Every structure is written in C-alpha cells, then in structure tokens.
Amino acid sequence: MKKYSICIVGGGSRYTPDMLAMLCNQKERFPLRKIVLYDNESERQETVGNYAKILFKEYYPELEEVIWTTDEKEAFEDIDFALMQIRAGRLKMREKDEKISLKHGCLGQETCGAGGFAYGLRSVPAVIDLIKSIRTYSPKCWILNYSNPAAIVAEATKRVFPNDYRIINICDMPIAIMDIYAAVLGLKRRDLEPKYFGLNHFGWFTHILDKKTGENYLPKLREILKTPVDVQTEPLFQEKSWKSTFEFMSQMINDYDEYLPNTYLQYYLYPAKMRNKENPEYTRANEVMDGNEKETYERMHKIISLGKIHGTKYELTSDVGCHAEYIVDLATAIANNTNEIFLIITENKGTINNVSKDMMVEVPCRVGSNGVEPLVVGSIPAFYKGLMENQYAYEKLSVDACLEGSYQKALQALVLNRTVVNTDVAKELLKDLIEANKGYWNELH
C-alpha cells in the first residue's frame, strides 16, 4: 500500500495536535511516509513540532520523516496532500472583527456578518498565495481546505483556480451537529447519513438516515430538540458559548417546522437577539484565547517537559474531535477510493435545480480518487431559496471586493448581509474595518 506525504498548512494551529493524533489512529487505512508542518509563526509551530516528535516516536515509529518549517519550498515539494487550516491575523484580529462589529450595533461573530466579511477579506489573499505556491511545488497534490470563512474562501478558489478539481473546501460544523444528533439518539455519528442542503454555515438537514435500516430520524429529533438538551460531546462544545448555541437550536426548531437548521442560522434569523447576548468587552475570541487555545499549548508544553505521552494522563485515545476526524477521513476516502459520502462545499451546477448554477453550495457528495461527485438535491422551497440567493450575493460581492479592490462592492456586500442591512452602519463599519485590517486586506478604492 502506498505511503503518502502530507503537509499541514497552519502547523502551529491549536487544531494541529488533534489532527496529528487522528493520523496516528488512521495509520492502517491512511499510511504516511512523511509529515510536514508549515506555518509562518515559527515559535508556535516549534511547540507543535516538538510535541509531534514525542507523539510519533511512541505511536507512529514507522513514520520515516517529520519536519516543521517556515520555508514554502521545503514544505510543499512532492507532497500528496495539503491540509489547510490557516487563520490570517490569528485570534487577535478575530477579536478586532468582533468588537468593531459590536461597537456599531451589529453582532460580533467569527464567520458571520461584518466579522466574517473582515475575516474573508484577510483569508482570500493568503489562501490564494498559498495554493499558488503549493501548485508550484506539487502540481497534482490534493488540497483539502478548512480555512474560514469557508464560503467566501470557496467562492474565491473557484474563480482563481476554476479547473482544479483537487482543491476541496470543507467545514466540520454539520458533522459537529450530527455528533449532537447521534448522542441524543444513543448512536454513533458514523451510524448516520445526512441529507442536507445550503451554503456553508447556512444550511438545513432534510433527513438523518440510519445507514443500516434506512430509518429517517429527523421527525424524532425535531420532537426531542424542541426542548433544550444538555448533550456531552467533545470538550470544545462544553464551553459556555457553544452550550448556549446548541441550546438555542430549540428556538429555531420551534419557529421553523420543516427541517433541522445549522446552528449558525441563529445569527441570520435572530441577529438582534444574538447581538444582545454578547459582551462587547469579552467576545468569543477572548474566550478561545483564554480557554481552548491556552489549554492546548499548556498541554503540549507539559508533554514536552515530560518527554513522553505513554504512561501519563495525556495517553492517546480514539476521541480526537470532529475537526481532525473529518479532514483525515476525507483524505483517507480519496486515497482509498471509498466513495463515501461527505458534506462538501462545491459548485452547484444544477445539484439544487432552482438556485444559481454558480452558487457554492454545501451538499452531500461521494468522494473518491477522482474527487467530488455531488448528489442531486432537486428543488428547494421558496423560503430557503430566498435566504440562500441573498446570502450568496453577499458572498460573491465580498469576493469581488477583495479581488477587484472595490469599496463599492464591499459596501454592497455588507448591506446585503442580514446582520447589517443599514447603509449608514455599513459605511461606518467599513471605515473601522479598513483601518484595522491595514496590511491584511487588498486596498479598496
């Protein structure tokens, strides 16, 4: 069986340790020869790299090569897979996005609203430059992109690399939601198969099927979830803001009686309520910096000081979180041509036959060694079509603004966003966001 070479782009990320653990767990199905960590933040990556040395010595001794580097040629040359998870500006810029949005009376969120717009205009140039570099050194490698905001990034990669079917854009949020459903049902997520349509962070489950029996659990789940439930899943989702998000799902299910919504729809359907719940002095970015990110690096530093994982409380388990599972499972499906079903962000091309053909939709797809094959969704009701067309117009204009350096397109994008709408507010937001993002955004004229 072939052994693959992979590069984790964003090697210093707090998500990387779980990804490395998942690669250990998956080594029989997805054997590796070489793992490269690439990041432009050498200090953070040094910590992850030293942790990786200990991890692989104990759990993956047959791995031939592990390196970490800030040099693109060294990182990207002759790789089979690039797993991308970059955050342009890191969490400090996310904090600015959220607090500037709240200052102007809009909700402050990472990927939605004005915060997501700002993040998108930082991410797109960085992702495009990295993909061009990867293609210089490994023209045929698979690029599996997790970088947020995934909807805007996917729209940009479609335009700049229109015929590159080996670029696949994904998001783990629907899978995280399915973990909740599985826990409610007393099942495992891998026992379930979703039918789903929408845009990234903007979609609906129409069926939750039992893979063995074909039973559709959606009606049962809707009834259960009309009342908030406290479900124990991975530690990240036990944080206060995530618990609040999952609890609010019951509000959406009671108000809209057809499907099961992606949790991010709370920001678009109840923007004032979401804004009023937020603390303008301490946002989700602060919570992450003080919580999960800090804890992740503290854990790695402790392992490095111990020099081992075996025989400590940090012993590797099979529970690594959906973020790591999803991208490694996707790479495994491509490598082994399994034709498994994944939720992928892909060009519509008639998959949903009554929305724009060029729309970047998030739908179930079969995935194998030839790439992604979307499964037909058909027509969707007017309410969902209207929401999606409006949101996609915002996403398109955001990418236009970035690639063309157009202030007018940026203003139009923000006014179309359901969390902003007001032109005067959008102008003030843009003024502050342009100032905050100097050095990250392409200049707007």
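Glycine is no exception: its Cβ is also placed from the backbone N, Cα and C atoms.
As the structure is a computational prediction, the values presented were derived from the model and not from experiment.
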If I go by Swiss-Prot, which of Arg90, Arg94, Arg222, Arg366 binds substrate at the same site as Asn148, Arg284?
Arg94
For the substrate binding residues given in the record (Arg94, Asn148, Arg284), what is the largest pairwise C-alpha separation in angstrom?
15
Any idea what the Cα distance is from Ser13 (NAD(+) binding site) over to Glu110 (site 'Increases basicity of active site Tyr'), rounded to a whole Å?
16
Inter-residue C-alpha distance, Tyr264 (active site, proton acceptor) and His201 (Mn(2+) binding site) (nearest angstrom):
5
Structural state of Glu110 (site 'Increases basicity of active site Tyr'), classified by DSSP into three states:
coil
Hey, for the substrate site built from Arg94, Asn148, Arg284, who else sits with CB inside 8 A of the CB center?
Arg87, Leu91, Asp97, Glu98, Gln109, Glu110, Thr111, Gly115, Tyr119, Ala285, Val288
Select the most exposed residue of Glu58, Glu110, Asp172, where exposure means the fewest other Cβ atoms within 10 Å, treating these as the recorded positions.
Glu58
Measuring Cα to Cα, how far is Tyr4 (NAD(+) binding site) from Cys171 (Mn(2+) binding site) in Å?
23
